[in-house]
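K.L.:
Below are the features I grabbed from TrEMBL:
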| type | residues | note |
| --- | --- | --- |
| COMPBIAS | 291-314 | compositional bias 'Polar residues' |
| DOMAIN | 21-126 | domain 'Ig-like' |
| DOMAIN | 145-234 | domain 'Ig-like' |
| REGION | 286-314 | region 'Disordered' |
| SIGNAL | 1-22 | signal peptide |
| TRANSMEM | 242-265 | transmembrane segment |
Amino acid sequence: MELTIGHFCCVLLSLFAGLASGVEITSSGPTSIEKASGQSVKLDCQFNLDTVDSGPLDIEWSLISNDNQKEDKVVIMYAGDRSYDDYFAQMKGRVHFNSADPKNGDASINLTGLKSVDSGTYQCKVKKAPGIRSRRMLLIVMVKPSKPRCYAEGPTQEGKDIVLRCKSNEGTNPLQYSWDKTSGGKLLPSSAVLDPVGGTVNVRNASAGASGSYRCIASNRVGSEECTLYLNVTPPPNTAGIIAGAIIAVLLFLIIIAIILFCCCRARHRKKYEKEICNEIREDVPPPKSRASTARSFTVGSQRSSLGSMSPSNLHEYALKPQYDKIPSDEYERPPSSVPLPPPTATRMAGPNLSRMGGIAVMIPAQNRDGSIV
């Protein structure tokens, strides 16, 4: 029994001695690396084996999860004299061992085409029973600043405050901005106030001497980009002239409107006047005559013409003849109650007596009742 206990103690002592003198990781480089996106990086993991390490060699690289409740993700591994680099789909084709035969003591890996999502803590674990060793490294993939945009804010006039701005849309913080003048005295104006975090330069009470070319540089720990801007400080505008011109323009506009309104009113009045004249002319035109009136006028006129052409000797005979061909006058057309009184008869004088008294026979034109000559 004593021999068995002693033998067991010897085995334990030899086991602890093997762990102490087994596989060792010899890399002593930095444990934190910063790289820019798109670049490549080598994660170093060199090791030495001991004669007591008799088991198979296993090498495993994993990305440590920040959440303790989630498992670590295996990136690449070496086992049974073979490497496996397709464990992590996010890095498939971008990760491989630095050495073609890692069992020679080089378990380092290379990552290409770095992305910001590749940032994290990586662990290199080397196992060869009974020895186990590991090493952790922090990789920070930073995005360098994109090309910034430079522009001036506010009126670029003398006596005004001009703000020069510089902004990069991409880049891992912290970003730093710096301004310098590349023309003239190559010094920023004495009244300029620089903000390296916001990327602005406030030129207070700008003068013509502030004109020139300016350059802004946006940078972080992995790169930098720049842009240029030309500032032209102009004299202030002639405010009085602008106001006077505006007043003149308004007055001209009002005059044109007044002329247009006057012409429209005058044309409308003229049209109305012409319409009234046409109406007055139409009111003076007599109504059309009926056939009976025309026939009566013609008959009476013919009789009067006949009387005028007769000699004084025939007048008496014509008066004695019954006149059946006369057109009835208005007296027969009117009702009996409205028959007018006969006009007073004038004393007729015979033709010979008229000649003896020195009178001259005159033909009187026949007229209608409305006074028009037939």
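Each Cβ is built from the backbone N, Cα and C atoms, and glycine gets one as well.
Automated prediction, rather than curation, is the source of TrEMBL annotations.
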K.L.:
Please indicate, using numbers and ranges, the residues of the same chain that are 6 or more beyond the transmembrane segment (242-265) and have a C-beta under 8 Å from a C-beta there.
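P.N.:
Hits for the transmembrane segment (242-265): none.
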K.L.:
Averaged over the domain 'Ig-like' (21-126), what pLDDT does the prediction give?
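P.N.:
Looking only at the domain 'Ig-like' (21-126), pLDDT averages out to 90.
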